Amino acid sequence: MATFGVGSPVWVEDEEDMWIEATVLKIEADKVISKNRKGGEVVSSKDMVHPRDEDTAEMGVDDMTRLSYLHEPGVLDNLSRRYHLNQIYTYTGSICIAINPFQAVPHLVGTKLMEMFKVAQPGEVSQPHVYAVADRAYKAMMDEEKSQSILVSGESGAGKTEATKLIMNYLAFMGGRATPVAGERSVEQKVLESNPLLEAFGNAKTVRNNNSSRFGKFVEIQFNRGKISGAAVRTYLLERSRITQVSTPERSYHCFYQLCAGATAEEREKLKIEAAPNYFYLNQSECFEVPRFDEVEEYKATRHAMDVVGISTEEQDGIFRIVASILHLGNVDFKPGKEADSSQLADDKSRFHLNCCAELLGANPKLLEDSLIQRIMVTRGEAITKLLDKKQAVGSRDALAKTLYAKMFDWLVDKVNKSIGQDPNSNTLVGVLDIYGFESFTVNSFEQLCINLTNEKLQQHFNTHVFKMEQEEYVKEEINWDNIDFVDNIDVLDLIEKKPLGIIALLDEACMLPKSTPESFGQKLAQSFDKHKRFTKHKFKKTLFKIDHFAGEVEYSTDTFIEKNKDFVIAEHQQLLTASTDPFVRQVYPPPEEPKQGGKGGGKSSFSSIGTRFKQQLQSLMDTLNQTEPHYVRCVKPNQKLKPLMFEKRIVLQQLRCSGVLEAVRISCAGFPTRRTFFEFADRFKILFPDAVANCGQDYKSACVKILEKIGLERYQIGKTKVFLRAGQMAILDTKRTEILNEAA
């Protein structure tokens with residue numbers, strides 16, 4: 001049965017708008033010829049033409065499961081209509097889509113609105129809002145005594161931080177203390193105030209966003225008898241490679257540039273700090289400034305954020321000593337030494353920076369130099385000095401820089417948590433996850449693989465939840481749903497993380513072999529996954545391969561995979577920092593726990609895989625999420641110019657694909673994408689069988705059954721309150737309706 005005929009309103013593809021309204025002129029074997037809104041004639045293959053509902057209200061629908069046609073162009077059109085009327089929130093089932101308005105929307109925030117959601121009974125207020133998501137989470141936690149999580153996702157600039165703030169504000173409104181002690185800041189205030197501090201040390205300019213979080217953050221708001229009693233900020237997966245490797249047009253972490261530009265004359269003298277372009281770790285990229293960022297003001301704001309969190313002036317100075325020491329360390333270069341396979345400092349400039357670094361860390365300059373150019377190997381109780389060549393010395397230098405930064409970041413997070421305070425007696429929590437979205441650039445490396453693995457994991461969690469919600473709707477309506485396919489991405493997850501033959505396991509193996517190169521690793525992947533349907537090797541370049549992710553294909557380059565995965569815990573670095581004369585440095589780098597009896601002690605440096613540690617952290621995050629009831633907010637950036645009321649369909653569509661919103665639509669489509677109450681259905685299609693409808697009176701259910709039987713549709717389902725139609729069935733009914741109306745006209 002044709003789903004559209006001549007004269008049918010449809011959507012066809014368009015270069016500029018992605019999808020455009022058109023009317024069918026002619027239908028051939030596998031082609032459809034139509035006239036689009038711009039007056040052009042379009043020839044499309046049948047599978048790229050979608051039916052269009054001409055009866056859509058100007059404001060669209062607030063829940064997209066109520067669309068007559070739940071497909072890509074329908075979703076895009078509905079969001080666009082709502083956005084231009086300043087309705088930035090829309091549901092797809094239980095998922096809240098929030099489109100960044102890039103302007104104040106006073107009608108959508110404030111106590112009055114929060115009060116409305118607070119007193120509403122379930123199902124009473126249908127208005128989509130992040131307050132409503134937070135309200136559902138809070139009330140479910142109270143009713144079921146089960147912890148909840150709210151997963152806020154989206155690319156940089158989509159408004160995740162703002163959405164997270166609104167969620168926190170609502171939770172504080174519901175569970176805040178009635179009368180905070182005068183002058184004392186509440187738990188939720190402290191959590192929000194920690195944001196600028198973590199951004200200074202964990203955010204950086206990337207290709208797509210000037211202030212991109214390069215770590216994931218899970219804020220646990222703890223409750224005791226419905227009142228907020230504590231909170232903890234857990235951070236995940238800080239991108240460590242950015243500390244030592246960065247390329248145009250990206251930058252390293254904001255704090256480096258803030259210090260170079262904002263330090264006072266006295267601080268410059270103490271830290272021997274100069275302008276950002278003078279440091280190797282920063283000048284590998286030609287980008288030093290960010291539009292609308294005043295680094296001097298940002299530096300003051302970071303210092304203020306440290307005051308607010310309770311970091312003393314001495315500790316603040318200690319933090320920036322470490323930041324400066326990393327910049328000096330990056331300027332230490334090497335040349336071949338006198339002996340074979342050895343190295344030494346390249347010149348006086350390297351010596352100067354090495355001495356500055358040692359002074360700032362309270363370390364002995366000779367010990368620091370030795371820790372970079374040699375290793376002490378302990379074999380059979382004897383200590384043997386092994387010299388490092390130039391390449392190994394650079395590797396050792398970068399390993400120390402990453403260790404310095406990562407430990408300092410952990411110390412800051414720990415300090416934030418001590419300042420906020422946790423409640424050991426709390427029995428339930430609402431967790432808010434704010435984590436980077438799917439990434440695909442011109443060149444994609446190891447970080448993108450890790451970030452995209454995170455998103456694949458979260459997508460699997462999301463799919464399972466959406467599928468479960470679908471099932472609950474079918475059970476509630478008492479319809480049969482046995483034969484519905486579930487969209488699963490387990491094959492991609494296995495490809496990346498399965499042992500012993502996933503990409504990360506093979507990368508760890510390559511890191512252990514001294515002769516591994518990007519080419520040999522690329523070749524190993526090509527051999528191992530030759531038959532894998534989600535993996536494609538490059539025809540000519542051994543270092544390139546593609547993975548078909550849920551959000552589309554991404555091409556990765558193995559060029560820096562091996563270096564970026566290596567995180568050597570170098571015994572000499574550990575000893576150097578533990579022996580520091582600076583008490584703050586010793587606090588940030590406490591000595592490692594003593595190895596258990598029978599373990600291998602001594603000066604042993606061990607390889608630690610960043611990929612494997614990333615996987616473990618990700619698993620612990622998923623374990624936490626799996627113990628909670630999830631709620632979803634998907635943030636969308638409507639344009640790249642960050643302007644209000646500008647809706648670029650190409651950009652929005654890409655994000656809907658990446659955020660899993662269209663995946664949720666696909667899961668619905670696998671079952672019954674169109675649901676209509678008996679009254680709505682009978683009212684729309686009574687023209688197909690007027691007598692039957694007239695005879696049924698107020699019994700709309702019987703009227704629906706008669707209409708469906710008359711048309712001869714199959715595999716639809718009649719629920720308790722709704723008609724459930726399979727994909728394409730609504731279009732068949734609409735085509736019949738259009739034919740009757742055209743004849744009458």
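Quick reminder: no glycine exception, Cβ is built from N, Cα and C everywhere.
These come from TrEMBL:
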BINDING   GLY154, GLU155, SER156, GLY157, ALA158, GLY159, LYS160, THR161  ATP binding site
DOMAIN    5-54  domain 'Myosin N-terminal SH3-like'
DOMAIN    59-738  domain 'Myosin motor'
REGION    588-607  region 'Disordered'
REGION    618-640  region 'Actin-binding'
* Structure fact -> Same-chain shell around ATP excluding GLY154, GLU155, SER156, GLY157, ALA158, GLY159, LYS160, THR161, C-beta within 8 angstroms of the CB centroid, reads ASN100, ASN209, GLY437, CYS635, LYS637
* Which one of these binding-site residues has the most other Cβ atoms within 10 Å of its own Cβ: SER156, THR161? -> SER156
* **Residues in the region 'Actin-binding' (618-640) grouped by DSSP into helix, strand and remaining coil** => 9 helix, 8 strand, 6 coil
* Asked: What is the one among the binding-site residues GLY154, GLY157, GLY159 whose Cβ has the most other Cβ atoms less than or equal to 10 Å away?
  -> GLY154
* Report the same-chain neighbours of ALA158 (ATP binding site): residues 6+ apart in sequence with Cβ closer than 8 Å to its Cβ, ordered by sequence. => ASN100, GLY437, CYS635, VAL636, LYS637, GLN655
* Tell me the Cβ neighbour count for GLU155 (ATP binding site), meaning other Cβ atoms within 10 Å of its Cβ, over all protein chains shown. => 22
* Asked: If you draw a 10 Å sphere around the Cβ of LYS160 (ATP binding site), how many other Cβ atoms fall inside it, taking every protein chain shown into account?
  -> 26
* Structure fact -> Using DSSP three-state counts, the residues of the domain 'Myosin N-terminal SH3-like' (5-54) come to 3 helix, 29 strand, 18 coil
* **Mean of pLDDT values spanning the domain 'Myosin N-terminal SH3-like' (5-54)** => 92
